[in-house]
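Trainee: The structure follows.
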Amino acid sequence: MKREIWTRLALGALYGVGVWFLLYSGGEPAGALVEACGTVGRARAAQVTAFAGFGLCAGLISLLWKRETMSFLKKSLISFLIVGTGMALWTWTLHGWDWQHQEGVNLWIGGTLILFVMDWARRFYGCRRDVDSIREKLKLTPPPSMLRWRETMPDMVLIAAVELVLPPLLRLVDARDFPVLTGLLYPYLVLPVVCFSSALSLGKRWGITPLYPVVCAVLTIPHIFWLYNSSALFQAGVAGAAALLGNLVGAAVRAYRKRNSA
């Protein structure tokens, strides 16, 4: 057990250093960090150390979710705190600890929300998959509903939270002149990834669920006209297409597994 803990923490630290190498190894450290550390060399060393700490947080989260004696809610709350700590280290490498710097605060809060939602959704679907597998083995699975609406309902609630609640929260902390969180990260990364991964999980569990891609597309519309304008309607297509693709891939994986196990 101790060996697994140290292995995961070491891999997490290496992951964090890898993120630093991909993003920042070719450039100079931020001016605020150089000023705080005194020299460029010290700033670079601090940057690498901070990103190793960011990776350690990822390792801690993976260990946390392996604990079977802790409730899902408690794991979620602790995971949120760890993600916030990791993002604080990332933010420090760019802006130092100047919490009056609005851009740094925006990056910290927005990055924490985005990373937590994406990781939490992955853990949620993993738990759902395990529960459904146990039910299927015990022959407790109810007969399928029309268009799989009943089976899709919990996932609809989750995607509604992501598409209706997350964008306004990100807008509250986003920069006014160049909204990176709601203008780039959410529509081009978070939205397609969450829609695809959730639909993939649905497809693996239940096969084709035709209502889900439609719901993913429709739920983007309220915040499009509230936070954006009609030029952002492409988000509906992105959400629907990502969900449809994920569902088809998941259904294909389900069919392949059934054929091999028969």
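Glycine is no exception: its Cβ is also placed from the backbone N, Cα and C atoms.
Checked TrEMBL, it gives:
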- 5-25: transmembrane segment (TRANSMEM)
- 45-65: transmembrane segment (TRANSMEM)
- 77-95: transmembrane segment (TRANSMEM)
- 107-125: transmembrane segment (TRANSMEM)
- 156-173: transmembrane segment (TRANSMEM)
- 185-203: transmembrane segment (TRANSMEM)
- 210-228: transmembrane segment (TRANSMEM)
- 234-256: transmembrane segment (TRANSMEM)
Trainee: Report, as numbers and ranges, every residue of the chain located at least six residues beyond the transmembrane segment (210-228) whose Cβ falls under 8 Å of a Cβ in that stretch; write 'none' if there are none.
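Mentor: Same-chain contacts beyond the flanks: 147-149, 152, 155-156, 159-160, 163-164, 167-168, 171, 182, 191, 195, 198-199, 202, 235-237, 239-244, 247.
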Trainee: By Cβ distance under 8 Å, which residues at least 6 away from the ends of the transmembrane segment (185-203) in the same chain are close to it?
Mentor: 110, 114, 117-118, 121-122, 125, 128-129, 151-152, 155, 158-159, 162-163, 166-167, 170, 209, 212-213, 216, 220, 232, 234-235, 238-240, 242-254
Trainee: Who are the long-range neighbours of the transmembrane segment (5-25) in its own chain, taking Cβ under 8 Å and residues 6 or more past its ends?
Mentor: 47-48, 51-60, 62-63, 93
